[in-house]
């Protein structure tokens, strides 16, 4: 147990820490003027996320501004797709667009195994530079999309409100979908191993759209592939803390705990205390302040952080939002979130 390691890494491993570490999902992004200025200069999202100099600069922007306890790679969950033979783009205000949606077994059979060091060397370069730059002041986080969510994008071809296309595949051609999900699980595990070998100290898997599944369908189409990713990564990197996030996860919290992850990232629609009562004690939590609260006053932000941390006291907890910070959030309120999070123990007393 070494206090020379970053606070977030120590907390994620379950060590006793003086306060909960704090970072924000999407902490590098449109709410920051410095990011918007750079976006105006480089309007292509793929260029910003795949040019190592730009990705590194953007990843470091919130660290320079707020000194969070975690610095996460600026990238996208779809970044590994071209390495498997699936082209995509991200259109401003429209979101991801898949050039040729996956709808047939021939397309699935044609997918390539992912070799991250060949198809995404820029990711490894950025993670290594981040690790060197932040030292022990912050933990470096890597991330991926989970198989179900990646499949939802590549089958639908874009973001969806009701996921009718992939659900039709799930219920009419389940063998096709299972083969696609299995391919993604193998590839995503390889990608996470590459991220860890390159410098990521903690990793998070986003299954953003698994909350659209019934509990029974979560057990069939999401959880087994989440678990496969976790199992494969833990075979080679057993000491790297693994976080799982699902938007709208209140109905499947107990199921998430069976996937082998170390920490469950909660959205804001479940009470922190109630969530902890439903989860085994060895499972840590991350979250879960409503990102909409950051449109409020600094006092309101502080009060909600205090309530969240007070309810999580005595458990492994990483303070975060329950979703990514929203575009248009006042930048000074992002600063207030970090400031209040770092000073929470001064207001509520000891964390342990």
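Every residue, even glycine, has its Cβ placed from backbone N, Cα and C.
Residues or ranges marked as substrate binding site in Swiss-Prot (evidence: sequence analysis): 26, 27, 28, 29, 30, 45, 76, 153, 208, 323. In the three-state DSSP scheme, residue 26 (substrate binding site) falls into the coil class.
The site 'Transition state stabilizer' feature in Swiss-Prot is assigned to 76. Look at residue 76 (substrate binding site): DSSP puts it in coil.
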Check: If you count other Cβ atoms within 10 Å of each one's Cβ, which of the binding-site residues 26, 30 has the most?
Finding: 26
Notebook entry, point to check: Per 10 Å Cβ neighbour count, which of the binding-site residues 28, 76, 208 ranks highest?
Noted result: 28
